[in-house]
Each structure stands twice: as C-alpha cells, then as structure tokens.
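Heads up, the thing below is written out as structure tokens.
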Amino acid sequence: MKNTFILGIEGTAWNLSAAIVTETEIIAEVTETYKPTAGGIHPREAAQHHAKYAASVIKRLLAEAKEKGVKPSDIDGIAFSQGPGLGPCLRTVATAARMLSISLGIPLIGVNHCIAHIEIGIWRTPAMDPVVLYVSGANSQVISYMGGRYRVFGETLDIGLGNALDKFARGANLPHPGGPKIEAYAKNATKYIHLPYVIKGMDLSFSGLSTAASEALKKAPLEDVCYSYQETAFAMVVEVAERALAHTGKKEVLLAGGVGANTRLREMLNDMCEARGAKFYVPEKRFMGDNGTMIAYTGLLMYKSGNTLSLEDSRVNPSYRTDDVKVTWIQEEKMKRVPEISPGTSLKLGELLDNGAEAIVYLEEGPEGKKILVKERVPKAYRYKEIDERIRTERNRTEARLMSESRRHGVSTPIIYDVEDFKLKMQYIDGVPIKYLVTPELSEKVGELVGKLHSAGIVHGDLTTSNILLAGERLYLLDFGLAYYDKGLEARGVDVHVLFQTFESTHRNHEALIEAFKKGYRRTFIDSEDVLTRVEEIKKRARYA
C-alpha cells in the first residue's frame, strides 16, 4: 500500500516550520525562528520574517526529502496552520500553502494549531484517550475528546501561562524567552513567597499572579520570586488537570505546548498522576514547541478522513477555537468511556466512595449506627507544602461555613456535623451525581438552585455536574470549597460560565441543558438576565489572544 505524504507548514507566531510526514515517519523538518531584537513578539515583524524565509524553508525541506527518496510529486496534500494565531503570520503561511497547493495540484488542509499539539502528543506517546493539559504562550486549556470534538473543560480567563511568564520575565529584565530563565533562577531559591492562587472551577486566572509576583520583586530576591511564581502557577494548572481527570474518570494525562518543556511542571504532573493511578505522557521536547511536524501529521489524519479545503474556504482564523473543530478522524467506538452507575449501589463503611481532585470521601459509623460521610482533604504531593496546607485549611473552613449558609437560603446541601483542620463530617445522602443522568428537566432545577444561591450573595465557584447530586426527587449542591460571597456580575457570570463549560465538554445535549438552566435561573434570580449577558462576554473573552 502506498504511503500518504503530507507537507505541513506552521507559522502562528515565532516559528516558521515545515515538515513532510507519513503515517509512521517524519521524512524531514526545517525551522526558522523569529528572534526580536528586544521585548516580546511583534506580529508584523514576525510575519515579515516568515515571508522572508518561506521559500528557502520549503526549498530546503524538499531537498532533504529528495535525499530520502521523496519527490514533490509524491506529496498528497498541503497542510497549514489555519489558526489560532497572529493574523499577519497566519496569512503569510496560508499564502505559501496555497501557492504550493496550486503548483503541485494537490488539496489544502486547514489545521487547528491547538489540536495539532494534541495529535502530535498522541502520535509520539502511548496515550489513547487522555485529558490534555495544553499550556503555551497564548493558550492554557484542559481538553479531552468527546462526541466528535475536542472539548475544553477549563481554560485561562485572561492571559495564557506562557505569555504570563514572559510578561513577568520582561518586568524582571530577563531575556526572551522568559520561561527557561525563570526555571533556571527558581532552582537557586531559598524561600517561598505567598502569591495569589486563583482557580474558578476548572478555569484559571494568571493576571493577578503576575502582578503580585512583579510587586514581590521590590522586596524579595529574584530567585525566590521565580520559584514562588512557578510553584503557584504550576500547582494551579495541575489541580485543574486533576479536576478534569476526576470528572471524566479518564486514566491518562498528556502534556502539550511549549510551557510543557519545563521540568518542574512535568514533575508535578507526574506526582499527581502517580497519586491517582493515572498514566502521564509527554512527547520529546522537540514536539512541545510549535513545529511543522505537528501540522503535517494532523493534516494527514484530516486528509485520510476526507477533510480538505478549497482555495475559497482557506481563509485563516486568528481566533480558531479547539472546540470549533469537527474531529472526523477519531473512531468513537474505540474511545474509552466513563462507566455509568445507578442509585442503590451498596457501599461499605470505610470504603473509598470518591477520590476527587480536592479530597477523598468515605463512610464511617455515627451515633445509632447512622452512616456519616467523611470528606478528607489529603496532602497533594505536587504542591509546595505551604501552598497545600493553606489551600486545604481555607477550603475546609469555607465549605463548612457556606454550605450551612446556603441551606438557610433554601439550597439543599448535606448537613455539616463536625469540622476538623482538613476533614468534614456530614450527612450521607444516597444519590447519584447528575453527570451520569442529567436531562433538560434536571438542568432547569439546577438553574433554580443556582438562582437561589446567587440571590443569597453566594458564588459556588465550582459548578460542575460532578458536584450536584440527585437523591429521589431532590437535587443537592456539594463541594463548596471554592465558594465565596460576591454579589458582582463578574463573579456570578464566571460561576454560570463554569457550569455551561461543563455541559459543553461532557454532555452531548449541552444546548438543551443550557437553555433549560436559563429557564430555571430566571425563575429564582431577579438579576438573571444581566448575569447571562455577562456569561456571553466571558465566553468571548476566553479566546486565543
């Protein structure tokens, strides 16, 4: 059988890179990297760099391929990074791809840059159906495949982790790229400095962390600030990845994107996966940053599934979302799925009910033989001890206080019996998380519950279908560790956005679920329309920048 040969061109930002691949082999790859004289990336200068070197990169690539017996006439398609990325750079690369397509008389394939990072990781590791932590300059996302798309479980609400690191590095007068310099300085630190740790459900925010780190430089050594920045930011993304693992029930984590070259981040992810019994995969470093091979290989998958473009449809998209892409090359029946459960499952005292991202949950016997649920926030080996103890203590107290307060406002929650430093004892409710059986009717009831919560001035902070329990005809809200008091539109909007993101990433009927939620939310919360409008604004904000 004849091999399929695809030529791919990457050029979303810094790197102009082209490669030729088959299903099993990288034939050749040539890269020219834009290096600004000072500061960060200048989109127009980067595009000029790509235009200057495009012809020579392709010429060198074809020459290397010829040495391996691959002629231009053997190439079956031209793949290019269609987005997301910097508009001027994308347009330059698309022009080069169109010219090659016309001259060779072969189809074009428009590749999503983010998905290419995922597919190269799956190709170059044993990963089959992973939760993906994708961290690059402009992107920070937790992603997994479901129902014909790569779904985004959580992402940055402001700035990508790589750009946040670079921004801090520039303020500290460190040369570009900032990430490796921060990593090097962090190795010589002697002290951890308290910095803000911001997680909103499965979403993240890095802007406040960067500002606080820059302020800390006025009083603390650079080494200590770099170390503290890394430990805090990386713990945040690892926790969000663990939350996605717990929610989906998947057993693999794949690290993708340029920030993934950081040794400490890899170490933390490996520690988290070992503790959960999950497998951790990361491709070799040459495939972590932007490269032509990932575009070529993803283009090959798309080509073989009949996914090509006409010239008229080859316009670039600087804001091309991961979850906008119809994934035509994955066979659904081969993917692992979370086993469903049903009410009435027999549970034994002391048996582990749940190993969540926050805590382990088990039963113990209370007075008169009554079952009591124990939620214990165990140490996380991947987190620096001071961060870990602070988070566990704060969340334990917050959960006890706001869960009880929510009950007083008509929101069904378990009754808290006792509070210890890292442990809660509460009413055991024999129910099922709605992630296994959510319907539009249930979603409408969820909307009513959240409306009552917001009317009381409480923001849950972690609204997912894993944290809502159905017992009989009643819904219970669980896991208030990230909850807080806030009557602002932004806080309430993020709260609802997190839930909608869970619907979209996990449930095939997400559109019906969202509309049903809105109906119930409007019924119990007077300012619902303002919040729902803000949700749309937040959704647009969480885009490639």
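Our numbering is plain: 1 for the first residue shown, then up by one each step along the chain.
Positions of Cβ are set from backbone N, Cα and C atoms, glycine also.
Straight from Swiss-Prot, the features:
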REGION    1-329  region 'Kae1'
BINDING   H113, H117, Y134, D290  Fe cation binding site
BINDING   Y134, V135, S136, G137, A138, D166, G179, E183, N262  L-threonylcarbamoyladenylate binding site
DOMAIN    340-545  domain 'Protein kinase'
BINDING   L353, D354, N355, G356, A357, E358, A359, I360, V361, K375  ATP binding site
ACT_SITE  D462  active site, proton acceptor
Rounded Cα-Cα span from D290 (Fe cation binding site) to S136 (L-threonylcarbamoyladenylate binding site), Å:
9
Rounded to the nearest Å, what's the C-alpha distance separating H113 (Fe cation binding site) and G179 (L-threonylcarbamoyladenylate binding site)? Just drop the number here, would you?
21
Least surrounded, by Cβ count within 10 Å, of the binding-site residues S136, N262, N355 is N355
Would you mind reading off the Cα separation of A138 (L-threonylcarbamoyladenylate binding site) from V361 (ATP binding site), to the nearest angstrom?
36
Going by DSSP, is A359 (ATP binding site) part of a helix, a strand, or coil?
coil
Roughly how many Å lie between the Cα atoms of A359 (ATP binding site) and N262 (L-threonylcarbamoyladenylate binding site), rounded to a whole value?
27
So of all those recorded positions, H117, Y134, N262, D290, D462, which one's Cα sits nearest to V361 (ATP binding site)?
D462
Other CB atoms, at most 10 A from the CB of A138 (L-threonylcarbamoyladenylate binding site)
21
Which one is it: of the binding-site residues H113, H117, which Cβ has the fewest other Cβ atoms within 10 Å in this structure?
H113
Which of these binding-site residues is closest to N355 (ATP binding site) if you go by CA atoms: Y134, G179, N262, D290?
Y134
Rounded to the nearest Å, what's the C-alpha distance separating Y134 (Fe cation binding site) and D462 (active site, proton acceptor)? Just drop the number here, would you?
21
Looking only at DSSP and grouping its letters into three states, which state does H117 (Fe cation binding site) belong to?
helix
Cα within 10 Å of H117 (Fe cation binding site) - qualifying recorded positions among G179, N262, A357, D462
none
Out of G179, N262, D290, A357, the binding-site residues in the record, which is closest to D462 (active site, proton acceptor) when you go by Cα distance?
A357
Quick check for the class: what is the C-alpha distance, in angstrom and rounded, between G179 (L-threonylcarbamoyladenylate binding site) and D290 (Fe cation binding site)?
15
